[in-house]
Amino acid sequence: MSVGFIGAGQLAYALARGFTAAGILSAHKIIASSPEMNLPTVSALRKMGVNLTRSNKETVKHSDVLFLAVKPHIIPFILDEIGADVQAGHIVVSCAAGVTISSVEKKLMAFQPAPKVIRCMTNTPVVVQEGATVYATGTHALVEDGQLLEQLMSSVGFCTEVEEDLIDAVTGLSGSGPAYAFMALDALADGGVKMGLPRRLAIQLGAQALLGAAKMLLDSEQHPCQLKDNVCSPGGATIHALHFLESGGFRSLLINAVEASCIRTRELQSMADQEKISPAALKKTLLDRVKLESPTVSTLTPSSPGKLLTRSLALGGKKD
């Protein structure tokens, strides 16, 4: 089995690193395409021994499972470009927030009568094999196709199948969730520094507290509130701290953050449906930095195939 990534940004790097670390794929079985070869993530993939190319078509040609790992509003143009190269045996996995199975199928069916499409939402902790992934299968995807993706994603964390209408909410919760955790950790570390702790120690303590709390919850059958109550002694420091968080609307802020991410996910789908980004903008900018200043509706013509750039590790060479 070979895996390809259209896009060589943070998600592609995280998944490639996770797959190789888990031992489910060798680096030479992975290919990623990017119009820009100087990105830090591209350099990291190159060091891992992943095959790299500027041609999306080349990536399709060398893949069995194809991950669309680009921004949502770029997806329609990518599908126009690679549609003729997608074969009946390909499993096309959309990782873009808000991009529906039907929208991908509609594009591909102009070239292929029964494209096998799976919609997936994962997160960056896959890089350390602690990701959270859900997926939904499309009209023509077989049960075995879903099982193959689940096997891949389970090697880098938790993975389960859901109904597609739940995926936007998953995006707001676990898709964006690591960013919430990092922001909370940054604030906790600031609090530690304010009270006299060295920065490095404050970060380590905060990270371990979050890691330990998450593991306690996952390993138990208790509700989070029960575990929270177990930390609070009557009249103690923790209950006073929680009162302060409650008075600042801590819970409401998190609930609103999940909702805001979910709503934005649906807005991104609307943008993708309307194809608001011009091919000119697509060519001028990096995949993760498309300019939206002067959007126009037009059709992207397939680009000419680029040269496949490969890197092979010498015998006895170091692995990243």
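Glycine residues also receive a Cβ, built from the backbone N, Cα and C atoms like all the rest.
The record from Swiss-Prot ties ALA8, GLN10, LEU11, SER34, GLU36, ASN56, VAL70, LYS71, ASN230 to NADPH, and of the options ALA88, ALA97, ALA207, ALA209 it ties ALA97 to that site too.
Neighbour counts of Cβ atoms within 10 Å were taken for the binding-site residues ALA69, ALA237; the minimum is at ALA237.
Separation of the C-alpha atoms of ALA8 (NADP(+) binding site) and VAL70 (NADPH binding site): 8 Å, rounded to the nearest whole number. Here the binding-site residues are ALA8, LEU11, and the one ringed by the most other CB atoms within 10 angstroms is ALA8. The two recorded residues GLU36 (NADPH binding site) and CYS95 (NADP(+) binding site) have their Cα atoms spaced 20 Å from each other. Within 10 Å of the Cβ of ALA97 (NADP(+) binding site) there are 24 other Cβ atoms, across all protein chains.
Taking the C-alpha positions, the distance from ILE6 (NADP(+) binding site) to GLU164 (L-proline binding site) comes to 22 Å.
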